[in-house]
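**Q** Before I ask anything, let me first share the structure, which is written out below as structure tokens.
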């Protein structure tokens, strides 16, 4: 345990308290939407998914331990993280199917059901890619599994299949909806953009999964934000995709009970890649790329910090092989950690930032 972890923590920095506040915030937002937004029925799928996810995770964690699915911590990471070594990983394998199965039952309307099945398919595909990556890491006892090129190829293939189905069915609007009644017509460019967002978002959520409860809490908030803006757009909203968002939000809230500090389980690439894929698929089908960009600002910042760090280091690298570093360590949460901010303080701050971005995304949501 690091020095910063042993110092007195503010009440909101305690893992159980901050996680409880986050869960209450999401449920309050859902209940408010059901009361005041026409056609909104978000709380039931949220509650059901949270309860089932919590039960499945609670039963599955001992099994992960028995299978010796212990996380390998990279040596070059923050020294305080070495105590996390051996914590069960691949937790996404327990809870992602919960969200997918419950989400697929949200509606019986034929076209909406087909869309939800497509979202479920690409989410499960990314879960399997992440699971294979995690499994390779565990069997090799290293922090790296698949090669970056191999993982990128598999992610691209899964995204391409989803986009091909969406193109065939005519599900995706070629203009990106923006605030104030504006839109950005892209024509055929929407397809390479869609592929890029799949790769960028899934890897951004993956990079965010570096502190106890960080990705699961932020993910639950962003899914909730997407659901709320979907119900606020148009005359009757989009209950099917909004309901699917809430099952995913509930899934990650249930997981958060065990993933909060000190974590009893990690989601691994199994969960983080699936989270990013589900967010992207829903955003593409509902013309919500702009809300996803705003609400997922923490994911974006984490990803950009890595890109900037690598680019500057390579651009300034001298004959001795050393270059400049913009951040103490990337992703961004490690920069703050090495600056002396404890994990238990940092994670609630990132959750709060995400909640603020969700509110901003709702205020700047597209209409119609």
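Note that Cβ sites are derived from N, Cα and C of the backbone, with glycine treated the same way.
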**Q** Which one of these stretches, 42-62, 63-83, shows up in Swiss-Prot as transmembrane segment?
**A** 42-62
**Q** Do we see three or more Cβ pairs under 8 Å linking the transmembrane segment (265-285) and the transmembrane segment (180-200), pairs being at least 6 apart in sequence?
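**A** Yes, the transmembrane segment (265-285) contacts the transmembrane segment (180-200).
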**Q** Counting a contact as 3 or more Cβ pairs under 8 Å, with residues at least 6 apart in sequence, do the transmembrane segment (86-106) and the transmembrane segment (239-259) touch?
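**A** Yes, the transmembrane segment (86-106) and the transmembrane segment (239-259) are in contact.
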